[in-house]
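Colleague: So Swiss-Prot says this about it:
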- 17-40: compositional bias 'Basic and acidic residues' (COMPBIAS)
- 49-73: compositional bias 'Basic and acidic residues' (COMPBIAS)
- 106-115: compositional bias 'Basic residues' (COMPBIAS)
- 129-742: region 'UPF0313' (REGION)
- 438-707: domain 'Radical SAM core' (DOMAIN)
- Cys452, Cys456, Cys459: [4Fe-4S] cluster binding site (BINDING)
Amino acid sequence: MGVRKQTMVKDTAVPIENKKFTREKKDKEKDKKPDRERAGRKTGFFVPKKVETGKKGKLGRKSEGKAEEKAEGKAGISTSTISERAVLKPSAGKRKKAESGPGTKTGKKEKKQKKSFSSSLPASKFLPMSPEEVKARGWKELDIILVTGDAYVDHSSFGTAIIGRVLEDAGFRVGIIAQPRWDNPEDLKKLGRPRLFFSVSAGNTDSMVSNLTPGLKPRKKDAYSPGNKTGLRPNRSVIIYSNRIKEAFPNVPIVLGGIEASLRRFAHYDYLSDKVRQAILADAPADLVVYGMGELQIVEIAKRLQAGEDIRKIRDIPGTVWKMEVRAWKELKEKGKGTNEAVARDTAPEAAEFFKEYIEIPSFSEVSQDKAAFAKAFRTYFLEQNPITGKGIVQPHPKTVIVQNRPMRPLTEAELDHVYELPYTGEAHPSYTEPIPALEMVKFSLTTHRGCFGGCSFCAITQHQGRMITSRSIESVLREAKKLTEKPDFKGIINGVGGPTANMYGMGCRSWEKQGACLDKACLYPRVCPALDTSHKKLLELMKRLRELPGVKHVFTGYGVRYDLALEDEEYLEELCTHHISGQLRIAPEHFSKRVTDAMSKPGKKVYERFSEKFAAFNKKCGKEQYIVNYLMSGHPGCTLKDMIEMAEYLRDHGGYTEQVQDFTPTPMTVSTCMYYTGLDPFTGKKVYVAKDKKEKAMQRALMHYRSPANYELVYEALEKAGRLDLVGNAHKCLIRRKEKQ
């Protein structure tokens, strides 16, 4: 499974120059700009505000005291590459401003509000969550309302906060509705009708993962809700919220985003219902999906709606998913059936250009009935998630056709710096009377980079953030750290520095700029690729400078360390042991059976043993007593009872017994979930064993906790079933003692 071959010929990454199929510039329409054109309409998403307080700038409104110039060196995000390979024109001829407001679907003119809000209350540092907060800012209406399944925490570890601040920075008036009631639309009406659109997210995690255990039982805690309370978001939050919004405001555009919408953008296996569900845009009454890290996409959408475009015509933004009518799709396919490419180009140039840029995968009807077709569809779209060479994907559904545009490019270093230095308060909204546990975990942490080239089969980060690493500059991270030290509750400890993985900061590959991450091989599996720059030099410099900041006593890594990478740089490993571990280092070998680690695309136990030896040696050298805490997994595709017994024996022999154990949970768009549903490796076509029986899954988990008296019966039954009763008795090698069954 390590080598993932590509079966289709890729086109080059050269932008299409045919003006007929690129987004037309509106230079000739300068005299027809909308009344409320925003700051940041030049070339970038984030343009430093230079209007003076109290004077009207490009917003057409008073700047309301927020006109401080940004510090030098904070670059904006360029929009120049947004549509350079666009295939379908948003509309023929010049775009006309929608009569009833940007993006709306009615022809009626909106009535102007006669009453203007005014208040002597100071404007909150937070984005508004109530009509009173909107009023305190002197606003008549909001441009965009973000709806989320999480509590509102204004911290850069929370997706809603990032999107809200990015839109605010681009000049839009943004409000947030967090964890609304979903039995009726009233909560969704409290901030009124947004002028542009609603954006809907389930929160930082898929709502099914937030609400349910791997055994599909309700969770007892929800770290993203005040006081760990459960029941504050529905299952399938994105669909439910969208339906309630449509009831309240039938003609307001809805844009979906976040992890739940992103990873359900195609027909997908749904663990709760144990069946294949339609793409989320086929189930939710929404207009677009923003997939992946959505800063570039969401601001481009906002600007184009602001300019008067109909959201139904916005079809060329990378990193978005849109719907096509079944009839239109059939007509497009018919036009593209020319006897050869030249004929098709002459008779139906639009269709020919479309099929040059998009690939059709098996339809919902096919993948829901044929597991081999599901695996084929998965393999195709998995290999097209490269922002440099990836093509768009088309998947027909019974009542609509889902079209995913090619992925959006990653942010540059300067852009990422800018995003993470926006004016987050770093706190939960003051309306909450109980703490948000998820904030407590990251409050004094620093995000250094995005992306992960680890390639673990069960992880969706690659599909959401991409394999290519984008790192913040050292100076940007230091500026944020300095602000942390100024907080009154800072105790001198920075408890996390990293990203999806702690030690990929500053790493890269010489091929990424031209072709993106390789499609025919993984970066770390079955071994670290020699073309990868695995130097930890930049990370070491950052950690050293963080330690030297006044007021900082300790800087801990906090995030998971990729130990196969750490072995590539002994200087990093020594520094890690000397300065950056608080007593325990958490790593994730996940399993010790080769068959299972191969299915997971994880390094095997020999690599783990090398790391353990080095870790012990460096701890001895620096005179510290520190320990490894292993994260392990049961029930992963490819894992049998024999594999779990092998794991238990390894833990017995190496003293690695741990409580940090999780059952495999199938979540959309991961390789492991594809294997779980189909029983096939999507890259080789080989069959994969999958434990789906609840009893066997319980036995697998029990074997990792074989010492627990509560698991005796399950462990005994597993050993008996596997023919390993030699491990029952009083001998040293035995996992459990022989006794009469209770």
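From the backbone N, Cα and C atoms, a Cβ is placed for every residue, glycine too.
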Colleague: For [4Fe-4S] cluster, what surrounds Cys452, Cys456, Cys459 with a Cβ no more than 8 Å from their Cβ centroid?
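Modeller: Neighbours found: Gly454, Gly455, Phe458, Ala460, Ile461, Thr462, Pro500, Thr501.
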Colleague: Just to confirm: which same-chain residues, 6+ apart in sequence, have a Cβ under 8 Å from the Cβ of Cys452 ([4Fe-4S] cluster binding site)?
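Modeller: Correct list: Cys459, Ile461, Thr462, Gln465, Arg467, Ile469, Gly499, Pro500, Thr501, Met504.
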Colleague: What average pLDDT does the predicted model assign to the region 'UPF0313' (129-742)?
Modeller: 95
Colleague: Could you say which of the binding-site residues Cys456, Cys459 has its Cβ with the most other Cβ atoms inside 10 Å?
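Modeller: Counting every other Cβ within 10 Å of each candidate, the maximum falls on Cys456.
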Colleague: According to DSSP, which kind of secondary structure is Cys456 ([4Fe-4S] cluster binding site) found in, if we only use helix, strand and coil?
Modeller: coil
